[in-house]
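So the structure is just underneath, and the comments pick up after that.
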Amino acid sequence: MQTSQNNTIQIESIDQPDRKHRSPLQLSVHRFLKNKLALVGIIVLFVIILGAIFAPYLTDHDPRKSNLMLVEQGPSSDNILGTDASGRDNFARLLYGARVSLTVGFSAMLFTLSIGLVLGALAGYYGGKIDNFIMRLTDLVLALPFLVLALTIIALLGKVTIGIFVTVIAITSWPTLTRIVRGSFLSLREQEFVLGARAIGASDFRIIFRHFIPNAIGPIIVNATLMMATMIIIESALSFIGFGIPQPTPTWGNMISEAQSIRILRYHPEAWIPPGVGILVTVLAINFIGDGLRDAFDPKSDRR
Amino acid sequence: MNNQPVLDVSQLKTYFYLGENRVAKAVDNISFSIFPGETVALVGESGSGKSITALSIMQLINKPGRIVDGTITMNDQKLLELKPKQMTNIRGNDIAMIFQEPMTALNPVYTIGSQITEILRKHKKMNKKDAHQEAIELLKVVGIPRPKEILKEYPHQLSGGMRQRVMIAMAISCEPQLLIADEPTTALDVTIQAQILDLMAEMQKKFQMSLLLITHDLGVVYEYTDRVMVMYGGQIVEQAATKELLKLTKHPYTQGLLASLPNLDEDVERLGTIKGTVPPAYSFPHGCRFSSRCPYVMEKCTQSNPELREYDTGHFVRCYLYENGGSIK
């Protein structure tokens, strides 16, 4: 028998499986970097953060100092965006306002995250009465209209500082995150590797921090990011109606509230459009980042 | 064999309080001992209380379950009287456990290496470098090729058999005196099953562990174990040396289990079955718990539950049929 060349079976080299040691986190970072919109979001947010940090180097004006001789001026070489009703430089206020908006957004998010993480972890890990109590508490807070609650607290306290403002936002918006954390903990509790970890002698503390949080980190980060955008909007909204951080501290919200005056609204668009755009762009950038993170942490998003 | 048991379980009761006054007696008054170097099988259908027995020994029973009564003694230490913190030192160190599903028993977000070194650093107080070296040795022992690279890999990159080997490596890492394996091969295919069981037998010899093997595979029982305990309805119904039990089966339930095995020598149309299913643990029949399914049921059986009694040396049976020197068949 002759073996012709046609008879030999062609064995195609099987693609070597990805032998690189990539952790789920590294895979997520890889997916995130492939997302163009999220990258743009990161860059834009980075530029805004830089502007806020280096505000003193970008303008010579003090954003709090009023100059009653130069009220509601149009753009000039000295005041690029003109001045507001008290004669404060709008450009300086825009840069310093970014500090406040970002600080409020970020710290309110951190504060909310820590409340949500702790309460959600307790509820999801221990279950039973603790879970029941915490969940009823979230129901209670969710049942209260946010704006009314926030306004009441602020009105009762009278003077509003950034710290108070952040606290008010945090104690009214923790329930969503608590529920998310609790939900993922509940499902993780049933996983066999948790039983396995307990079988090799891991403590409750260790299981929560080493086994639960890393496995639940995806949805937590995504929601925290999107929450930060919401916090910035809440700050501007409350400032706009005069319940935010009071003058002379510059925030984007109280800059826009200047436009409540028809005169400024009509004749000085340079005073209120930049902070408005600032809010819009910042929130959009954060939301893009949040969406990017959501896709990055979802292993199924590759199939799209 | 040494006379001092490694583990002594006495009158253990683990109940689940299901609300509406329903109490599931998942483990009801179980007593047994495991001696050094011994392999004991715990056999029974799904729902007979095997896994709950194992988890009770580890004290990993979750609410609404609770260990109601009994003592678990290991090296003169009463485990049920220990503080939770002391118990975490026993787990993994003196008693280790292997689970059924190697797919889910490893944390997906950590490398194999970090999961093995975690135990070594906790129980053996090793530093990072030593633990890493030890982990490589352990993987070699359980027959994993390229241990150095595997240490850097994640659970999803390994096959089921490999993961179960890793689980065994983790279980033996602290040289426990007792290894509990809860259906360690159920999720693996047959060729891998034999490899894993051989590995466990080898490890047992090497480290002189005792092994409590939970299974429903009587073939495995015959091959690998010294003694068998058959569980039904949260109680032990028959207990004997493996060869004796499989040859001179006494309890109708064990007979049913054996009859349901395919046999190469006989040509049968249908495999034997035990009629009915295991009754839920909150509504056992009055009297003998097997009475609702037993082909030899007598009036007496529905009135009171027989005691577990020794009928031959070392052969314990919970059945009225043998009470007055009687027998079946």
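Counting begins at 1 with the first residue displayed.
Using N, Cα and C of the backbone, Cβ positions are placed for all residues, glycine too.
Nobody curates TrEMBL annotations by hand; they come from automatic prediction.
TrEMBL has this to say about the protein:
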TRANSMEM  A:37-58  transmembrane segment
DOMAIN    A:98-290  domain 'ABC transmembrane type-1'
TRANSMEM  A:104-125  transmembrane segment
TRANSMEM  A:137-156  transmembrane segment
TRANSMEM  A:162-181  transmembrane segment
TRANSMEM  A:220-245  transmembrane segment
TRANSMEM  A:271-290  transmembrane segment
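The largest share of C-beta pairs under 8 angstroms with the transmembrane segment (A:162-181) comes from A:104-125, of the ranges A:37-58, A:104-125, A:137-156, A:220-245, A:271-290. Here the transmembrane segment (A:37-58) has long-range neighbours at 92, 95-96, 98-99, 102, 278, 281-282, 284-289, 291-293, 295-296, meaning same-chain residues at least 6 beyond its ends whose C-beta is under 8 angstroms from one of its own. Long-range contacts of the transmembrane segment (A:137-156) within its own chain (CB-CB distance under 8 A, at least 6 residues past either end) are made by residues 119, 164-165, 168-169, 171-175, 178-179, 234, 238, 243.
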